[in-house]
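What Swiss-Prot annotates here:
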{"type": "DISULFID", "residues": "C97-C152", "note": "disulfide bond"}
{"type": "DISULFID", "residues": "C115-C167", "note": "disulfide bond"}
{"type": "DISULFID", "residues": "C122-C129", "note": "disulfide bond"}
{"type": "CARBOHYD", "residues": "N130", "note": "N-linked glycosylation site"}
{"type": "CARBOHYD", "residues": "N142", "note": "N-linked glycosylation site"}
{"type": "SIGNAL", "residues": "1-26", "note": "signal peptide"}
Amino acid sequence: MMRTLITTHPLLLLLLLQQLLQPVQLQEVDTDFDSPDDEMEELEEYLEEFQSTGPTRPPTKENVERRVIIEPGMPLYDRDYCNEEIKRKNVYHKYRCVTEHYFLLMQYDELQKICYNRFVPCKNGVRKCNRSKGLVEGVYCNLTEALEIPGCEYKSFYRTGYVLITCAWQNEIHKLIPHTINDLVEPPKHRSFLNEDGVFVIPP
């Protein structure tokens, strides 16, 4: 019940809880109703992120799995894929819609391994990204309407390509973990991504 309410009416639930919790602190919320601990933890995470005025918290495996990794089910080429999945997975930044997002049909462990691949230019040409060695299926979501939830509307683009990601070091586990999905680059037909030295390059 709690998960259904969170995924279908996130803004309404957050506004209601803000009124109920003032001036009570979040840790003082009465949790004597029937709700699994993990669902309460997820709700608290949403509230903390929405109300925070500081920098965005570093990514975790759980966040990446929840927001990026998808399972076979709804056809990836469905025109409403992004609208449905972004609402279902609560992919927002504070009270605003994200301008773009990627969903990837792969396992988290496979995505994490990309962090140890060689560097390539990101799509903006400024930063360095890590590229997958093989092609990955996914969906690119581009915001077309609204800036604040729940009015986010997206156009969906099915892609099969090389994943470009940035990674961050996590001290707790002493490993690199995926930070952001930078792009899903579709290879041009009959054209190699390797130059004469065997180094991967992004075509202009």
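Every residue, even glycine, has its Cβ placed from backbone N, Cα and C.
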Task: Separation of alpha carbons, C167 (disulfide bond) and C122 (disulfide bond) (Å) - done: 12
- [ ] Could you check the disulfide-bonded residues C115, C167 and say which one's CB has the fewest neighbouring CB atoms inside 10 Å?
- [x] C115
Task: recorded positions near C129 (disulfide bond), in sequence order, restricted to C97, N142, C152, C167 and a 10 Å Cα cut-off - done: C167
Open item on the list: At 10 angstroms around each C-beta, which of the disulfide-bonded residues C97, C122, C129, C152 has the fewest other C-beta atoms nearby?
Closed with: C122
TODO: Could you round the CA separation between C167 (disulfide bond) and N130 (N-linked glycosylation site) to a whole angstrom and send it over?
DONE: 8
Open item on the list: Going by Cα-Cα distance, which of the recorded positions (C97, C115, N142, C152) sits nearest to N130 (N-linked glycosylation site)?
Closed with: C115
Task: Least surrounded among the glycosylation sites, given as N130, N142, when other CB atoms within 10 Å are counted - done: N142
Open item on the list: Measuring Cα to Cα, how far is C115 (disulfide bond) from N142 (N-linked glycosylation site) in Å?
Closed with: 25
- [ ] Work out how many Å separate N142 (N-linked glycosylation site) and C152 (disulfide bond) at their Cα atoms, rounded off.
- [x] 10
